[in-house]
Structures are given as C-alpha cells and as structure tokens.
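Reading through the structure tokens given below for one structure.
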C-alpha cells in the first residue's frame, strides 16, 4: 500500500499489557523511541519520547480502521524496569506532552498512568518517584544523551543476573556533570493543578514518593485492586513534599491520616486508598484503563466552560493569590463571550460611547 493510500492513524504498538491499541492512536509530532540512543536517530522535526508515551483516544471499526478522535489523551510513564521512577529527561517529556494536551482545544481530559509490567520481575507501577540512583546534592541529575538506560545486569555464565550495586554504579557513570540538577517535577504538579482540563490518574501499581504526590495532585484517581500500592517514602530517603503532596493530601484524607501516611510510611492498598479518599474508585486491574476512559467520556460530555470554572474554583481556596489569578483569567474569558463585553470593545474601536442600556443590573 502506498503512503498516499495508507489508512490514517494505524494501530499503535502495545506499550503496556493493559493498553488497548484499538482505542488509541499516535499523536502527530511525537515519536516513541525504544531507547535514548534510538532517539538520536529520529527526525528532528518530531518530539522524540523515550521515558513517557503519549496517545490520543479514538474509535475504530471492527477492522481497526480509525473512525474519529475522542477528547481524551493518555500520558504514561514508560520506565517500567525501574518502577516508572522519573529522571530529568522523564520530567521534561512529561511536561511537554501535558502542555501539548493543555493547549489542544479538542482535548477535555487527560489520563495519567504508568506502563507495565516490569520486564525484570513483572511488577506494576504508576510511578515510584524520583530515581534515587541519580539524585545529587542539587537535585536529580541529567544523563548524557548517548547513555543507555535500563537496569544493569552482570553476566554469570550464560545467565544475566541483576546486580543492584552494578546498576547504581552504571547509572551514576551516565551522569552529565556539566548540567545542574533539577527538581522540576514540581513544575509538572503546578501544570496539572492549573491546566483547565480534568486529569485522571489511573494507578496500575506502585505510587510511591513523588509518584504518590502526583496522584494526590490529579483531579480524579482510579487504582488497580490487584496491584496498586501506595506509600509515601519521602522521609525514608531524606526528602519531603512540603507543598501540594502533603497539603492536598491532608485535605483529602484529614490531617491526622496525612501525618500517618508521611510519618510512618506504611504501604496501603487500593481498597484502603478508596476508603481514605486518596482515590475515587478501586477497580479490577484489567478494567483500569477502560474505567478511566469512561470517566473521561463523562467529563467530556459536560459543558467545557463549566468544567474549567469548577476545577479552578475547587483550587481557589488552597492556591491563594495565584489561584485567584488563574480563576480570574478564566472569568475574564467567560465575560469576553457576552454581548455586553462585545459592546464595550466595539464602542472603543468605533470611538463612541458604549450603550449599556440592553444590559440589566442583575442582583
């Protein structure tokens, strides 16, 4: 089949065991590379992704032919071999695709999840937070672009055996010491918080440390009954989320429970998370992404303006002057849509006094 006659949006490759290619398509302008080394060979006109995947929801017929797009995107951590821990490259990619979704006028909801399972032990993860192997005194360190990623194995006879010590040493050897460390996962938190789209966390496995905080920041959350596990490990590794990750958690579960989650760092499951208010619903693992799509479809069926204003209104009390500014911006946009605002603009451009007589003083 020639390129001209090729069907639009062929089935994407399966990026996760519970990812259904028939419900998604690739996003133009973004390419999924298998490794960072592969990324160097991709055309420069595309945004090359190695640490996250990005897909647009769609419907297809029984033959897999694309029919139409849906107003939802799927963003997933794509480092299952390290429990979807994030490094600076991961956060850079995550921010760019989320911002692309934010600026897409036909997208109303974002599903944030983690690909899996791990090729090493079959474990699942949403995200286990920052990759401690590359944490420095100034934050998480960038690696050389040409550096291979993944877990380090040592060879014993004909068998590759995972070695934690060798893996840590190899990760640190990949560091680009000329670049400063970063803590910019906080920028992603702010983007999720302020973007006027509903962000739905679909937690298929571990949500720990910074991954736990990302789930807290999302607007809605679903979790796998079989595999989702939650654990706030910050204090175990000399870290702490003194912002959204702790403050919003206290809003969701209550002050005493939030302190317990942080101070004791106990593991709790999806059913407990639902009971405490950390997630909206615990669902069977195989149904997780389908249920997230159901949530997204319900949201997309509502008034876009109402959803935007509701999200920002929910945030307003906790986000102070910054939250007020974001809310005010959307309120101004809403006002611009009225005949009254149009009259004010037109009167200015026509150099006349505005006629406000058609507009009553509502009370």
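Note: Cβ is positioned from N, Cα and C throughout, glycine not excepted.
These features come from TrEMBL:
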- 83, 128-132, 140, 206-210, 233, 239, 336: substrate binding site (BINDING)
- 140: site 'Important for catalysis' (SITE)
- 234: site 'Important for catalysis' (SITE)
- 336: site 'Important for catalysis' (SITE)
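Positions of the features from TrEMBL, shown on the structure.
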| residue | record | Cβ within 10 Å |
| --- | --- | --- |
| 83 | substrate binding site | 25 |
| 129 | substrate binding site | 28 |
| 131 | substrate binding site | 21 |
| 140 | substrate binding site | 24 |
| 207 | substrate binding site | 33 |
| 209 | substrate binding site | 26 |
| 233 | substrate binding site | 19 |
| 234 | site 'Important for catalysis' | 22 |
| 336 | substrate binding site | 11 |
Residue 234 (site 'Important for catalysis'): nearby binding-site residues from 83, 131, 140, Cα cut-off 10 Å: none
Secondary structure at residue 140 (substrate binding site), reduced by DSSP to three states: strand
Three-class DSSP secondary structure - residue 207 (substrate binding site): strand
